[in-house]
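Asks: Let me begin by handing over the structure; questions about it come next.
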């Protein structure tokens with residue numbers, strides 16, 4: 001595997017000549033990760049992990065620290081862009097059948113779990129009203145686990161409710177997990193270049209490969225520049241576009257917000273959780289909404305790797321994307337009709353994709369055999 005690094009540094013890493021823009025999101029994710037670690041380091045210098053001082057320390061960063069407002073907003077906005085890139089990266093993998101490279105796909109899924117955990121811990125740190133209540137609701141789901149649930153929740157909280165020890169350990173976890181993500185990213189990249197990246201056609205690219213640099217590195221730079229431009233546009237004109245207004249108030253355990261919800265990038269999983277009126281069932285569905293992605297390499301039935309030549313699978317895929325967006329939208333709304341019904345329907349559609357995709361693959365094989 002070390003040979004891959006030597007090839008990369010010496011600009012000789014062979015890559016398929018026909019990979020499209022959808023293959024640029026990996027480098028964009030690495031850029032986001034570096035940006036998050038840099039801005040996070042400067043924020044950690046001024047942040048105080050204490051329930052009485054956390055909210056004030058964030059205000060101090062925004063108002064008194066030179067360029068603190070840039071650091072804080074860059075950290076928050078690039079977290080959102082990070083997840084946009086992650087979801088596009090995963091969707092690309094599903095569409096082009098890249099999950100058939102099992103080691104890369106499963107290491108990517110592990111990365112996703114750590115990324116979601118890191119983002120959740122980070123959301124709690126400002127100790128705003130929504131931070132506190134989102135942490136209370138989500139961590140309380142652990143109590144649904146039989147036998148061990150209550151003990152695990154008490155251990156995570158560091159007491160019998162969310163308090164100072166909870167914030168301290170969340171800050172420690174939020175600081176250390178990005179370094180775990182760096183390690184996993186290195187493994188992910190090494191595993192990818194061990195076999196080589198696939199291409200939109202889903203065919204073997206061994207006969208037509210070109211050096212990564214300068215051909216694909218310049219293409220990566222274009223997309224990274226586009227992403228950073230978008231980041232600074234949001235930062236300059238609407239820095240609070242993706243923030244929750246409720247989080248501008250200090251955490252108050254006495255007053256419950258009218259509608260508790262996590263950050264927008266977790267709303268799809270939260271929508272699935274909320275659509276099941278049973279605590280244990282909802283918690284299992286929440287876990288399954290992410291874990292089910294690991295089944296993709298084992299349920300692939302089509303003789304064709306990519307969906308590019310499979311119109312029926314394409315319809316199913318875009319229905320899945322529409323479902324994902326709809327769940328996210330309904331989860332941002334209060335728990336009332338018609339959002340309850342829409343949420344339940346889209347949750348069924350979400351899981352149906354992973355059942356229907358292998359069946360459609362099998363059906364398409366039969367259709368192709370009939371045509372031949």
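Heads up, the Cβ atoms here are built off N, Cα and C, so glycines get one too.
What Swiss-Prot records for 25-45, 69-90, 105-125, 170-190, 218-238, 280-300, 312-332, 339-358 is transmembrane segment, and it gives similarity to another entry as the kind of evidence. Under the heading heme b b562 binding site, Swiss-Prot lists 75, 174. Look at Swiss-Prot and you will find 89, 188 tagged as heme b b566 binding site. What Swiss-Prot lists as ubiquinone binding site is 193.
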Asks: Under 8 Å, at least 3 Cβ pairs, sequence separation 6 or more: does that hold for the transmembrane segment (312-332) versus the transmembrane segment (339-358)?
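Replies: Between the transmembrane segment (312-332) and the transmembrane segment (339-358), contact is present.
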Asks: Cβ pairs under 8 Å with the transmembrane segment (105-125): which stretch of 25-45, 69-90, 170-190, 280-300, 339-358 has the most?
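Replies: Maximum Cβ contact count belongs to 170-190.
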Asks: What residues elsewhere in the chain lie close to the transmembrane segment (25-45), defined as a C-beta under 8 angstroms and at least 6 residues from its ends?
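Replies: Non-local partners: 61, 71-72, 74-75, 78-79, 81-82, 85-86, 88-89, 92, 174-175, 178, 181-182, 185, 189, 220, 223-224, 227-228.
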